[in-house]
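Working notes, beginning with the structure itself.
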Amino acid sequence: MTGKVGHASIQMTDDMNGSSIGKDKNNHPRGATVSFHNISYKVQLKSGLLCKRKTNTKEILNDLKFLDILAARKDPAGLSGEILIDGAPQPPNFKCISGYVVQDDVVMGTLTVRENFQFSAALRLPKTVSEREKEAKVNQVIKELGLTKVADSKVGTQLIRGVSGGERKRTNIGMELIIDPPVLFLDEPTTGLDASTANSVLLLLKKMSNSGRTIILSIHQPRYSIYRLFDSLTLLSSGNLVYHGPAQNALDYFKNIGYTCDPYNNPADFFLDVINGDSTAVIMNKINEMEDLDSVERKASFQNIEGQLAEAYCNSTYYENTKADLEKIAQGKLYNTRPISRKITYSTSFFHQLKWVSKRTFRNLMLNPQTSVAQIGVTVFLALIVGAIFFGIKDDESGIQNRVGALFFVVTNQCFSTVSAAELFITERKIFIHEYISGYYRLSVYFLSKIMADILTLRTVPSIFFTCVVYFMIGLKNTVSAFFIFMFTITLVSYTATAMTLAISADQSVVAVANIFMTISFVFMMWILVNMISPRHKSLNCIFSGLLVNLPSIMNWLAWFKYLSIPRYGLTALQVNEFVGLDFCKNSSTSSVPPGDNINCSVSSPFVMCTGEQFLQRQGIEATEWGLWENHLALAIMTLIFLAIAYLKLRFMKKFS
């Protein structure tokens, strides 16, 4: 039984208004009362082709409630009605001060249970709370949830063995309990748990409710031992309310309207069968009538059953009692029928958030071997391959061809190695959305921390290793300045390619799709680069065994694309850095053949060019300081533009369900 249309929703509550579990009649502390008044929710559905697209309005909820709406985590567009907390209007930042445990795990698996709680406490508790008080709160939650034995164990990932499923679910609950929320919402907390573990989690929630916490949850087909823990039950059918009242009275209610639960049948299963028209009571009553009905008529008959259930509830004493309680709560209140505005508030400053989010991000990268150690290992391996292919190039006529080929492959490697950045905002999307709308941190904080962690650990460090290996194996210009300019250039190429990857993947939800877009982009850039260079430099055609074709008719209208090519700027800068000052004819006795016109792919040409400056001139490259640094400037500007695009995509990404 879920909170979705066409199913039922079970809530752990204690009054007719909709929410608290703690019951006054048993002398338990009472939590906050959540009441919902005339709630309706509509969505806009688009259909048809782009040029003839139609927009239809579909009513999801009709004059009642929904878990995400009560928790203020639904898009307010299309929402009408009023939600009150203890009789007062729901504050705009309610989602930041209430607790919401989503169905999927949203804790960092590489951190321990205690570290996850410390992260929540550091960002969600105000700075007026001392570090000692925060630590005491963490210890209190650990003890309350029965996590003492695993407090210092990692939660676990696909590669790291962690705590059990029940302990993981309790860790998710604990992340919300840190702030002592007035209301705790849970979306199917038993998902993925076995029957015994699910029962223990619900027993824990019942214990918490008896201590004065207001708990509202949806749950999927609970066993009877779980069902009997509920105080209040809410059942929905096709967006309409068919029952809301004491959970223990629900069977008698349905019996009175003609639906009797078979002995030993689970009440939760029975309610779902009745709503879907599958119960024995429904079938036995209708079997004679349905023998001659086709599938369409039978479906209409079941829809009629749903209408009868909704009408029966509206005529029941439970409805009248609920209505009276709601009128008493709302007495003197002005209803807001317009969409409720949503606001995210933060308990800590920008730099405090940046410190903690960056700390967690770096730690997560370091504890993920597939993203840290493997990245450096693959980089070193590729550097050895490139270094072995172009090992020990000489300063003669073959040196030009070998240098261009080596630099081309270096730039290509730096571009394609950044494809791994496509998953930066995808793998943790659920965690980010949950924490962002819960008020953990600002979007800018999350963005900066992820960028810094990725650039420093996965781009800068591998680029340094790559330079140290490949530069000396190939035997490039033996000067300190040339070495560091080479390192700076390929690092900047990596930054720019990473930024473009993030700009493309920021709004994607599947890594494979983002990788396809990235591969197409880089291949196109390489094609542009090769076709810009190969007509003037035949040696690059030699690298690919003469398979490159000069397409002047196409290049005329594609020429402007060169200004968008990341590898073009990188290769140009590397060529200026490497070729300026080199002499390729000092050991040659002939020098009369026009440069660049006598290169043969199978036989080394005795004459190409005598100096590196002549080669650069042949390529149309300025052999000046500005000819070098203008490429770095272009790469820096492209990096900033791509990062801005990525940030804007995250900013306007749909974050409400």
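Yeah, the Cβs are placed from backbone N, Cα and C, and that goes for glycine too.
Taken from TrEMBL as is:
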| type | residues | note |
| --- | --- | --- |
| REGION | 1-28 | region 'Disordered' |
| COMPBIAS | 10-20 | compositional bias 'Polar residues' |
| DOMAIN | 16-263 | domain 'ABC transporter' |
| TRANSMEM | 373-393 | transmembrane segment |
| TRANSMEM | 405-426 | transmembrane segment |
| TRANSMEM | 446-474 | transmembrane segment |
| TRANSMEM | 481-504 | transmembrane segment |
| TRANSMEM | 510-530 | transmembrane segment |
| TRANSMEM | 542-561 | transmembrane segment |
| TRANSMEM | 632-650 | transmembrane segment |
Among the recorded stretches 373-393, 446-474, 510-530, 632-650, which has the greatest number of Cβ pairs closer than 8 Å to the transmembrane segment (481-504)? 632-650
Which of 373-393, 446-474, 510-530, 632-650 contacts the transmembrane segment (405-426) most, counting Cβ pairs under 8 Å: 510-530
Remote residues contacting the transmembrane segment (510-530) - C-beta distance under 8 A, at least 6 residues beyond either end: 412, 415-416, 419, 422-423, 426-427, 497, 500-501, 504, 540, 544, 548, 558, 561-562, 564-568, 571
Lying 6 or more residues past either end of the transmembrane segment (446-474) yet within Cβ distance under 8 Å of it, the residues of that chain are 354, 357-358, 360-362, 365-366, 371-372, 375-376, 379-380, 382-384, 386-388, 390-393, 406, 410, 413-414, 417-418, 420-421, 424-425, 432, 435-436, 483, 486-487, 490-491, 494-495, 498, 502, 643, 646-647, 650
Other than its close neighbours in sequence, what residues sit by the transmembrane segment (373-393), given a CB gap under 8 Å and a spacing of at least six beyond its ends? 399, 402-403, 405-406, 409-410, 413, 417, 420, 458, 461-463, 465-466, 469-470, 473-476
Segment confidence, the domain 'ABC transporter' (16-263), expressed as mean pLDDT: 79
